[in-house]
Amino acid sequence: MKLQPLTSHFVAICFIVCLTGQRVSSGVGSPVLDIHGLTVYVRDEQKGYGPIFEEQPIDTVYPEESPEGRVTMNCRARGIPTPTYKWQHNNWDIDIKMAKEHHIMVGGNLEINNPEKSRDEGKYVCIAYNVHGTIRSREATLNFGYLYPFTPEERHPVKVKEGVGAVLLCNPPPHYPDDLSYRWVLNDFPEFITLDKRRYVSQSNGNLYIAKVEASDKGNYSCFVTSNSITKSVFSSFIPLIPQADRSKGYLPDIRVKFKDIYALLGQNVTLECFALGNPVPEIRWNKYLEPMPTSAEISMSGAVLRIYNIQFEDEGTYECEAENHRGKDKHSAKVYVQAYPEWVEHINDTERDLGSEFHWPCVAAAKPLPTIRWLKDGIPYWKGDLRFSSLKNEDSGMYQCVAENIHGMIYSNAELKVIVLAPTFEYYPMKKEVLAARGGQAIIECKPRAAPRPKLTWSKGAYILKNTTRTRIWYDGSLEILNVTAADAGNYTCFVENFKGKANSSSTLVTTAPTRIDLAPTNIDVIVGQNATLQCHALHDPSLDLTFIWLLNGYPVDVDKESDYYERSIMIKNNGELIVKYAQLRHAGRYTCVAQTIVDNATASADLVVRGPPGPPGGLKVEEIKNTSVVLTWSRGTDNHSPISNYTIQSRTFLSEYWKDMKTDPPLVEGNVESAKVIDLIPWMEYEFRIMATNILGTGEPSMPSPIIQTEGSPPNVAPSEVGGGGGSNRELTITWVPLPREYHFGNNFGYVVAFKSFDQKEWKRVTVPQPEIGRYVHKDESMPPSSRYQVKVRAFNNKGEGPFSLTAIIHSAEDAPSERPRNVHVKVRSSTEAVVSWEHIFNLAVTGYEIRYWSHREKEDAANRVQVSNLNFSARLENLKPDTQYYTDVKAFNTAGFGPATSPLSFVTEKAPPRQRPRIVSVERYGSKFLIKWDHVKSQSNESSVKGYKVLYRPDGQFNGTLFKTGKHFIEVPAPLKGQYVVEVRVHSEGGDGEVAQVKIPGAAVGISPSCLGLLLPAVGILVSLGF
C-alpha cells in the first residue's frame, strides 16, 4: 500500500518526460484545426501572427521651396513578434546605414532629409516582416511640387468693340501638380473681378471670358494663379482691355469654353464648364441626351458650371450644353464615362489548414475596367489569378498578399496561411457520455476529434466493427447515424481515429426511450369573425421525459404570451396542449399544427381553422375611359373570406378634402359578381383617386389600395361668378368686382373671366378678358368717363374648352371726382405741452368721405409729416404725443375714394412748456373731527417749465380709480374723513403745459381703540413718512 503514492509520482514524471520528448521531436503544441477545418494545434514557433499594416505610406507632393527640408513616409504594422521594417525606392532596397544622414528610420517611418528631386523622386514601398512572413505596403509616390513665376514681358493691349465678346489668355507658367485655381485682378490687388452671367473664368485653362464687353470693363487685368498643393500664388503681367465706342448691334452665341470627354471615378465630384460669347448675353442650359439629369447635379455660376456630386454608373452618358439668345443658339456635347477604382468583393483572411489538404483561397475585387489579380508570398511575386492548393505542404505557410489592380490603381489584402500538423485528441471536443433516442426514430452520435492531417475513423459497438448499412451510416464529419432505432440498439459505441501522428478513441452510450405520439388530434373548425375556437391536442410520451407543446400557424410558431388577447393555453390537464383562439380575426385563419415534443423526439398533428368575415380588399384597381364627368374602373376581386361578395362601394378623394366619399355609379348598384363599373357625376378637369370596398352578409371589408391620381377631361364652365358689383375708385375709373370661382368650377385649363360693361346710353357691351383665375376685380380707365355715371356690368368664366354663362347684370357707378375745395376757417387750440386740437368748417359736398390732417415740427420735413384721418362727420381732430415747447405746422384736406383734394395753407402753432417735474411734498395730515386737513409745499416751476396755475386733488377709495376731483390755488385742502375703509388723496400740479407728477397719502377710516387726540398726533407723522417715500 505504501508503494502506491511513489508509483503514481513515477508514472506522472515519466508522462511529463514523454510529453516533453514528443514536443521536441514533433513540434506540436497549442490547438489549431480539427478535421472540419476548425482551430487545432499550432506549432510553438507559430505562436503569435504575421505583420498587419495599420498605416501605409501615401502619395506625397513636396514643395521645392519648402523650408522644412524633410519628408516623412509613414509605415506602421503590428504583429507578434514585433515586425521589422525596410524600405525600397524604385524597387531598390534603401541602405539606411550607408545613407544615415540622408535617410533615417523612426520606428517604421522613413525620413528623408534635404530631399532632392533628381535623387529622391519616385516610388516608395515599405516592407514589414517577422518570423511568420513578409508583407509589402502599397506603392507611394514622392513628387516635387512647383509653380514658377510668369514671364515678366508686358502683355499687349486688347482692343474690342463694345457689345462684342473678348477672351483674355492666362497662359499659366510651368507647374506641378495640375491642381491650379484661377482668379483675375482688375487694376489693383486684391480687387478681384466679380463673376456673373457676362464674365467667367475657366478653371481648366485660367482664361477670362467676357460674353459682351461694356465700357465699364475698361482696365488692367492680371491672371492670379494659386497652387493648392504647395500653397503658392503668382501674378501675370497686366493686360490692358480697351473697349471701343463703336457699339455692336449683337451677334449669335459662340461657345468658347467647352468641356471634353471625361473619365470619372465612381463617387467623385465631376465639374463640366460651358460658356458662350454673344450679344445679348446668352442663356446657358444643360441636359443629358435622351435621359434625365442626375439627381445630384447642380448648376452654378449663372449656368456656366454643371457639377455632378458623388457620380454613379447610371450618370454615365452624353451631356449637352446649349447657349441661346434672341439671335440664335450654339450647342456643344461630350461624353462622361464613369469608371471605378478597385474595391474588394471578397478579401482574404488569416487561415489555418491541415497538412496535405486541398485549399482554394478566394480573392475577388470589382472595378471598371475589370481588375487583374496577382499574389505575393512573403513580399515576393507568387501567382496570378485564382490561387488553389491541391495538397498543402509545410513550406506553403507564410504571409500572402492578394493585389487587385487596374489603370486607376491597386489595392492589397493581406493574410497569413498556417499549415498545421496534429495527432488526434478528444480533449477539446469530447464525445457525449450518453445519447438518447426514441424507438422507431433516429439516433446521431457525434465524433469530432481534433487532428491534422484528417484522421482515419472507425466505429464499433462492443467488439463489433460497424459499417454503412441500410440502418447505420457513418457521415463525412465522423458522426454515426442509426435509423429506425430499436431497443436492441442500446449500448456502448466507440469512435477510433488515427493519423500518422498518433491514435485516439472515445465512447458514448446509446439509451432508447418510448416514442412520443398524439392520441387526441385537433379537428377542422369553422367560425365567424369574433367567435372563439378550441383546438384540442393530447399526447403520450416516455414517463422519464418532460413533455412540452408548441403550436404553429402556417408553419410559424404561435407566441401565446405575446398575443394573449387572442390565444390561451389549457394547462390544467396533464399531457394536454389544447389551444383556444379568442375573438378570432381573419388573420388567425390557417393551418394549425400541434407539436408535442420531448428532448428526444416529437409528434405533430394539424387541422384547419376557417374564419368567415367581411371580404378582403380588391386588387389591381385601374382607371380607364376617362371623360369629363365619368370614368370606368376595373379591378380584380379580393378574397371573399368564405362568404360571397354581394356588392361593391366606390369612393373618391380630391384635393378639396382629405376624406373619402361615396360616388354615384351607372348602374347605381355595383353587384358582387362584376369587376368593372362606370363612375358618373364627376367634376371636369379635376384630379381624382379612387378606391373600392367589397361587402358580404358579414360586413364591409377593408378598402383597396388607392388608384393612381387621374385628371378628368375639361369642359366649358357652367357656373357664373357671383356678387358682381363695384364702383368707387380714382378719377375716371370704373371698378368692377366679383367673387372668383373656386378651383372645382374651373373645368379646364387657361381659366379666366370675361367682363362686360356699358353705360345706359350705349348699345354695345364692351368686353375685357381677365386671364388670372384668382382675380376678382377689374378697373377700367377712360379719361372721357363722366364721374358717378351709372353702368351695367356682368361677368362670365371661360377656359380652353369655351365660355360659361353670364352672371346677372348689376348696376354700379363710375368713380367720383376728387374733392376740389379746401376746408375753411382752420383753427388750432393748444391744450397742453403734448396735445392740440385742430378744427375747421365742413365742406358741404356729398363726394367728401373724410378729412386728413397733417402735422410736422419745424425740425422735420413736410414729406415726413404725421397724418390723422377722420370721417366727414367730424370737424375737429386731436393731435397727440407732441413735443413740449416746439413749433409745429398743420394743414387739412378733404378726400374720397377718387383721391385727395387741395390742402389748406400750413398753420403754425407752438406747444406749451412741459409741466413742472417736481411733485408736491405733503408736509402734514391732521384730523379735525370728521375732516382731514392735508398740507403740502408750494411747487416752483423752472425756466423751461410752465408756470403753476394751481393744484388738482383727487379723493378716492383705495383700490379704485374714480373719485372726487378738487381744484385749488392754495397749499392745503380739507377732505371728509372716511366712514369706512381706507382712502387715497392724490395731489398734483396744474399748469398750462398740463398736469405734473402725483404725490399721494392714504388716510384710514374710523380707528378702533385709538383716541382722537392720539390719532391727531399719529396722522401727521404718517403723512410725512409717506411723502418721504417710507
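Keep in mind that glycine also has a Cβ here, set from the backbone N, Cα and C atoms.
TrEMBL: automatically predicted annotations, no manual curation.
Here TrEMBL flags 51-143 (among others) as domain 'Ig-like'.
Residues or ranges marked as domain 'Ig-like' in TrEMBL: 149-235 (among others). Confidence for the domain 'Ig-like' (149-235), expressed as mean pLDDT, is 89.
What TrEMBL lists as domain 'Ig-like' is 253-337 (among others).
Sequence annotations record features per position, and here TrEMBL assigns domain 'Ig-like' to 342-418 (among others).
TrEMBL lists 424-512 (among others) with the feature domain 'Ig-like'.
What TrEMBL records for 515-606 (among others) is domain 'Ig-like'.
The domain 'Fibronectin type-III' annotation in TrEMBL covers 617-715 (among others). Taken through DSSP, the domain 'Fibronectin type-III' (617-715) splits into 0 helix, 45 strand, 54 coil.
Among the features that TrEMBL reports, domain 'Fibronectin type-III' is placed at 720-817 (among others).
Residue counts for the domain 'Fibronectin type-III' (822-914) under DSSP (helix as H, G, I; strand as E, B; rest coil) come to 3 helix, 48 strand, 42 coil. As annotated by TrEMBL, domain 'Fibronectin type-III' applies to 822-914 (among others).
TrEMBL lists 1-26 with the feature signal peptide.
Sorting the domain 'Ig-like' (342-418) by DSSP state (H, G, I as helix; E, B as strand; all else coil) yields 3 helix, 50 strand, 24 coil. Counting residue by residue with DSSP, the domain 'Ig-like' (149-235) contains 3 helix, 36 strand, 48 coil. For the domain 'Ig-like' (515-606), DSSP puts the residue distribution at 3 helix, 42 strand, 47 coil. According to DSSP, the domain 'Ig-like' (424-512) comprises 3 helix, 48 strand, 38 coil.
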